[in-house]
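A.B. asks: Sharing a structure below in structure tokens format, with a few things to ask.
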Amino acid sequence: MAGDKDTLLGMGFDPARVEWALKATGNRGLQPAMDHILENESQPVPSVENVSESSAPASSAMDVDEDEEDAEALRSLGGVTANVVEAKSIKCSECGKIFKNTALAEFHAEKSGHDQFEESTEEVKPLTEEEKKERLAELRAKMAEKRSRKTIEEAAEQKANEQLRRKAGKDLHKVREDLQAKEAIKEAQQKKRDKIEEAKARAAVKAQIEADKKARAEKAAREKALREGLPIEDAGASTSAAAAPHPGASTSGVAGKDFKETRLQIRMSTGGQPYTTSLPSDSPLSAAAEFLAAQTLTVSVETVTFAQHFPRKTFSRSDFSKSLRELGLTPSAVLIATP
């Protein structure tokens with residue numbers, strides 16, 4: 001066995017793998033050991049103590065003794081002649097290879113799948129130095145081919161993994177771009193809504209200013225009519241009031257602030273469409289709160305508050321008992337309600 005070990009070491013194999021192969025194959029020769037090394041080159045080398053020897057089906061000493069006893073018994077009975085041919089090897093009927101024992105034949109059968117064997121008188125000759133070199137060259141070529149194939153497979157696998165990684169990166173980038181586009185659209189829509197609300201607010205302020213100007217002009221005209229004793233026209237009326245009193249008469253006509261009705265436009269501080277109504281000018285501010293509470297469930301008469309932008313003013317709870325006339329909301333006003 002030292003010769004097989006030295007041959008394997010001379011081939012450049014790792015000493016530990018050589019020990020493992022020889023023990024695992026039961027020291028059945030160079031070829032089984034080489035096959036074992038090739039089959040397990042990618043496996044880690046176990047401890048030699050943990051390696052169990054393969055059962056060698058070659059004839060044991062007891063079998064030899066029994067065969068010799070049987071042969072002796074046959075010779076004593078005259079059943080065995082001197083011309084009996086002794087089988088020196090086992091031959092594979094399918095491929096023609098010969099093996100020096102049944103263990104090698106079984107190993108060949110396991111690798112090749114062949115199952116037709118017969119005894120042969122051919123003797124398996126040991127490998128010459130030249131044959132060993134050829135076998136070593138073949139073995140190294142097989143190992144190089146196997147390593148090359150493994151390298152190609154690993155490169156292909158790495159390439160496939162890289163393609164998957166790049167595809168996943170592209171998909172993630174596309175998802176991010178889609179999210180950014182949606183956020184940009186959402187932001188643009190919000191800016192558009194803000195501009196619309198701002199335009200509405202400016203229009204409301206402008207309308208309030210115009211209404212205040214008109215109210216002040218009407219008030220000034222009424223006061224002037226009272227001072228000059230001229231007839232006073234009620235807002236929206238098509239006819240004049242009663243005939244003007246003579247110059248000495250008392251100025252008991254309708255005062256400039258005596259509007260019968262007050263037109264209110266109530267806007268919610270939370271946004272939405274405004275609510276419009278006309279109330280008697282003597283109605284308290286609480287009547288406007290009751291009207292608004294009847295229009296939307298989000299408003300309560302007990303908690304709602306009112307404010308004005310022009311002129312800027314916030315009404316307290318004590319103002320709710322005062323009339324619209326006393327609060328200067330006639331003939332029209334815009335109120336901002338906070339629930």
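Backbone N, Cα and C define each Cβ position, glycine as well.
TrEMBL: automatically predicted annotations, no manual curation.
Feature list, courtesy of TrEMBL:
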- 6-40: domain 'UBA' (DOMAIN)
- 40-72: region 'Disordered' (REGION)
- 41-62: compositional bias 'Low complexity' (COMPBIAS)
- 110-171: region 'Disordered' (REGION)
- 186-201: compositional bias 'Basic and acidic residues' (COMPBIAS)
- 186-281: region 'Disordered' (REGION)
- 209-227: compositional bias 'Basic and acidic residues' (COMPBIAS)
- 235-253: compositional bias 'Low complexity' (COMPBIAS)
- 257-337: domain 'UBX' (DOMAIN)
- 267-277: compositional bias 'Polar residues' (COMPBIAS)
A.B. asks: Using a Cβ cut-off under 8 Å, which residues of the same chain at least 6 positions beyond either end of the compositional bias 'Basic and acidic residues' (186-201) come close to it?
C.D. replies: 271
A.B. asks: Checking distant contacts: for the compositional bias 'Polar residues' (267-277), what same-chain residues at least six beyond its ends satisfy Cβ-Cβ under 8 A?
C.D. replies: 197, 204, 288, 291-292, 295-296, 298, 334-339
A.B. asks: What is the three-state DSSP composition of the compositional bias 'Polar residues' (267-277), stated as helix, strand and coil residue counts?
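C.D. replies: Reading the DSSP string over the compositional bias 'Polar residues' (267-277) gives 0 helix, 5 strand, 6 coil.
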